[in-house]
Amino acid sequence: MELGAGGVVFNAKREVLLLRDRMGFWVFPKGHPEPGESLEEAAVREVWEETGVRAEVLLPLYPTRYVNPKGVEREVHWFLMRGEGAPRLEEGMTGAGWFSPEEARALLAFPEDLGLLEVALERLPL
């Protein structure tokens, strides 16, 4: 099983950061930890690399598991984060932006991500 880490990132307006991946799915930024890197550090780095947004971890959420298109099982550890700034696209991504919770609910492709959004909104400090 491959380990991953990602961020559910909100700005001060309570908008959430989403990416549109190579296959056209709207998702949260995530990726693989580098050797010697904690999952929290990996999540912060992946948000930066994939979106250009500097984010800080507020608290851990929970892991999700899925099988990727290559048949590899992945476990992604998620963190609630605060960030600001205009997103920019990493090569291979087809969209990025800040969205209201209502917009995000309509865009997110996977049920696990919808669940993460709801838990993150409940735990997000005012």
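Every residue, even glycine, has its Cβ placed from backbone N, Cα and C.
As written in Swiss-Prot, here are the features:
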DOMAIN    1-121  domain 'Nudix hydrolase'
BINDING   D21, R22, M23, K30, G31, H32, Y66, V67, N68, R74, E112  substrate binding site
MOTIF     31-52  motif 'Nudix box'
BINDING   E46, E50  Mg(2+) binding site
>> List every residue in the same chain as E112 (substrate binding site), at least 6 positions away in sequence, whose Cβ is under 8 Å from its Cβ.
In response: T64, Y66
> So what sits near G31 (substrate binding site) in its own chain, CB-to-CB under 8 Å and at least six residues off in sequence?
Replying inline: G4, A5, G6, A42, R45, E46, E49, E50
>> Within the domain 'Nudix hydrolase' (1-121), what mean pLDDT does the predicted structure show?
In response: 95
> 10 Å Cβ neighbour count around M23 (substrate binding site)?
Replying inline: 9
>> If you count other C-beta atoms within 10 angstroms, which of the binding-site residues D21, E50 is the most crowded?
In response: E50
> Over all shown protein chains, what is the count of other CB atoms within 10 A of the CB belonging to Y66 (substrate binding site)?
Replying inline: 12
> When you look at D21, R22, M23, K30, G31, H32, Y66, V67, N68, R74, E112, which the record names as binding substrate, what is the longest CA to CA distance in angstrom?
Replying inline: 19
>> Just to confirm: which same-chain residues, 6+ apart in sequence, have a Cβ under 8 Å from the Cβ of N68 (substrate binding site)?
In response: R74
